[in-house]
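Per TrEMBL, domain 'Centromere/kinetochore protein zw10 N-terminal' is recorded for 29-113. According to TrEMBL, the feature domain 'Centromere/kinetochore protein zw10 middle' maps to 171-408. As annotated by TrEMBL, domain 'Centromere/kinetochore protein zw10 C-terminal' applies to 465-595. What TrEMBL lists as domain 'ZW10 C-terminal helical' is 617-771.
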Amino acid sequence: GSLVAAVLAHSGRLDKEDLGTRIARLSRRGEVCNMINKKYNEFLPSMQNAEDLVSQVDGLSSNIDLLKAGIENEVQRDLNIAVAEFTELKQQLERDTLVLSILKKLQEFDSAIKEYNTALLEKKYLTAAQQLEKARSNLKMLESRKGFELKILKALGTELTVQTQNMLYHLGEEWQKLAVWKLPPSKDSSSLESVVHSELHLRMVPLKEEDIAGPPVAAVLQAFAVLGELHTKLKAFGQLLLKYILKPLTLYSSLQPVTEEQSDVFILRFKSKHPSLDHCSPMEVFDKIKLVFEVLHKYLLNVPLEQPEEDKKEHRVLLTELLGDMIWEDLSDCLIQNCLVNSIPTNSSKLEQYIEVIKSTEEFEKALKDMQFLKGDTTDLLKYARNVNSHFANKKCQDVIVAARNLMTSEIHNTVKITPDSGVALPKLPDPRAGHHLKPQKASNLVPNDVGSLENKTKLSQYTFSLPTCRISSSVEKLMELAYQTLLEATTSTDQCSVQLFYSVRNIFQLFYDVVPTYHKENLQKLPQLAAIHHNNCMYIAHHLLTLGHQFRYHLSNILCDGAATFVDLVPGFRRLGMECFLAQMRVQKGEILERLSSARNFSNMDDEENYCAANKAIRQVLHQLKRLGKVWQDVLPVTVYCKAMGTLLNTALVEIITRIAALEDISAEDADRLYSLCRTMVEEGPRVFTPLPEDDKNKKYQEEVPVYVQKWMTFKELMIILQANLQEIVDQWADGKGPLAAEFSAAEVKSLIRALFQNTDRRAAALAKIK
């Protein structure tokens with residue numbers, strides 16, 4: 001009721017009609033409250049039990065705290081003491097273990113040294129070496145212990161070093177007994193006389209496979225291997241072997257190896273046959289060297305580097321292989337340079353025979369591989385032998401260049417005469433286009449019969465394009481023959497060789513262009529004859545270069561058939577080279593002529609005897625110089641070149657004389673007579689310097705043609721006429737500018753001569769007036 005009253009008081013605004021509904025709801029809520037009270041009454045015992053449990057837990061927690069405090073105060077102290085004792089015991093155990101291991105290693109070291117000494121006394125060198133290495137291994141392990149240094153280790157190291165050196169000494173003694181060298185005392189140990197006295201003695205010990213320690217040879221060498229000294233010993237042995245046995249066998253064809261077997265020693269020595277001029281064939285050299293290796297393999301080096309185990313017999317390494325690795329490269333180079341290089345054919349026709357050399361090289365390498373001196377790979381020696389075509393081309397080209405250079409540096413003055421009929425001896429080359437001449441014949445049938453022939457009836461001489469008669473150096477003729485022979489060789493060679501030989505010929509001419517002018521420079525400048533010969537040489541080479549490529553074009557490699565086989569590009573250079581040299585000599589000669597004429601005192605005051613003698617001497621010197629040149633160039637230069645050269649030099653002298661006389665301002669009658677006398681000397685003796693041919697009767701033709709080659713010849717003769725003519729004759733010679741005098745002199749020059757020759761009179765004035 002109180003609950004209902006409270007609700008009603010809280011909800012004063014309820015409507016009367018909802019009062020019943022509200023009362024019903026409140027009744028249901030009362031039921032819920034009763035249910036809650038029931039559940040609460042049931043929960044109270046559980047809550048009481050929980051409170052009891054909480055009180056029990058609090059008690060246990062107090063007990064735990066008490067127990068923890070006890071542990072921290074008493075148990076932890078005891079535990080720390082136990083851990084410290086355990087750590088100390090552990091460290092003591094480690095120290096004891098380390099000391100025990102060190103003592104064990106020291107004991108092993110001592111045992112190894114004792115066993116080494118025992119084995120050394122019994123000459124069991126391999127066992128002794130192994131024990132030394134075992135002792136060395138123990139010592140290294142002892143020395144590697146950080147923080148545990150023993151003073152005894154230094155003493156042990158010293159003892160080990162002493163014993164190692166002792167062991168090496170004994171092994172060295174045994175090695176010297178196994179392989180004894182008897183070398184010549186001569187300082188020049190590489191000479192044939194010294195090499196003949198070299199010997200190698202090998203102690204013979206029977207090889208017993210069942211002997212575990214192996215024969216003494218194996219024991220000694222294996223002991224060296226264990227101690228790490230085998231490489232040094234074997235390298236020294238290999239160098240002696242190369243120097244005193246293997247290389248001499250490749251260098252001296254007369255040297256033969258001789259073997260001698262005695263009771264306990266095998267001797268390898270040499271004997272010398274009568275020396276031959278030719279190099280020893282590769283087959284003979286290979287046989288000699290193979291004999292040496294067979295001896296070494298049988299009596300010394302057929303030893304494994306270590307005792308093979310049962311499952312590793314197939315993989316053991318022999319000393320022969322080790323020695324082969326050390327010396328093969330030097331031996332291979334020596335065989336190539338001193339044997340195979342000399343066996344390369346010098347002619348392509350002999351290349352097929354070289355197959356025997358290749359086969360012999362293969363057999364030689366196979367024998368060395370069977371003896372395990374070589375591994376299975378192909379070596380440089382065999383590669384060189386198989387590459388014979390390339391080496392043949394290189395050698396041929398080198399020989400050609402060397403031969404060409406020798407010819408270029410030989411004397412120029414040794415000459416031969418070349419005529420239009422001369423030619424380089426060249427075998428007839430087959431026509432590469434034979435059988436292809438039918439098409440032109442067929443085409444010619446298309447021409448109508450009534451059409452006249454277009455051929456010119458005037459035919460050229462067969463010598464039109466020939467080189468004129470002259471003299472060239474015999475070395476140049478041989479040089480050209482060498483070029484033709486080399487190109488002929490190229491026609492029968494392989495493509496690679498053909499190309500190389502062709503360009504070697506080009507190199508010959510390029511070398512000539514560079515070498516000859518430099519090597520003979522001084523002589524070409526000083527000696528007129530050599531300059532003329534060099535001019536002819538260059539023209540001769542240029543003449544052949546015009547057609548040299550065409551002659552061989554279709555017979556060389558296909559690479560060269562497309563226009564590359566030509567020498568025409570070298571022609572202008574050679575012509576220029578010859579002309580420049582000869583023109584330089586011409587300038588020298590012109591300078592000498594002008595220098596001699598400079599002593600003529602300008603041809604003035606010829607009435608003075610001293611001046612006249614000086615001028616006469618200058619004229620005579622010039623003529624003498626020209627005569628000397630005429631003799632020097634006689635039968636050397638082609639006639640046309642000779643005449644042009646002599647005409648140019650004579651013209652130089654005449655021009656200088658004309659210039660000097662025309663420049664005179666006063667010429668007396670006596671001066672004119674003497675000048676005329678000097679000029680007459682030049683006119684009379686000048687043509688005589690033209691002697692291009694040795695036969696005097698044949699030279700008259702060229703002496704009569706002097707005006708053709710001497711440009712100022714007629715001018716000079718007109719000057720002579722003026723010197724002896726009167727005023728009227730001079731005017732007549734002028735002929736109003738149409739006479740012969742007008743053709744040679746200008747009006748000013750004629751007037752100047754008139755003023756110098758004649759006094760100033762009315763007649764002279766009248767004559768001068770007509771010269772215009």
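Cβ atoms are placed via backbone N, Cα and C, with glycine included.
Automatic prediction, not curation, is the source of TrEMBL annotations.
Note that this is a predicted model, so its numbers are computed, not measured.
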(Q) Using DSSP, what is the helix/strand/coil residue split across the domain 'Centromere/kinetochore protein zw10 C-terminal' (465-595)? (A) 108 helix, 4 strand, 19 coil
Q | Within the domain 'Centromere/kinetochore protein zw10 N-terminal' (29-113), residues counted as helix, strand or coil by DSSP | A | 85 helix, 0 strand, 0 coil
Q: Looking only at the domain 'Centromere/kinetochore protein zw10 middle' (171-408), report the model's average pLDDT.
A: 75
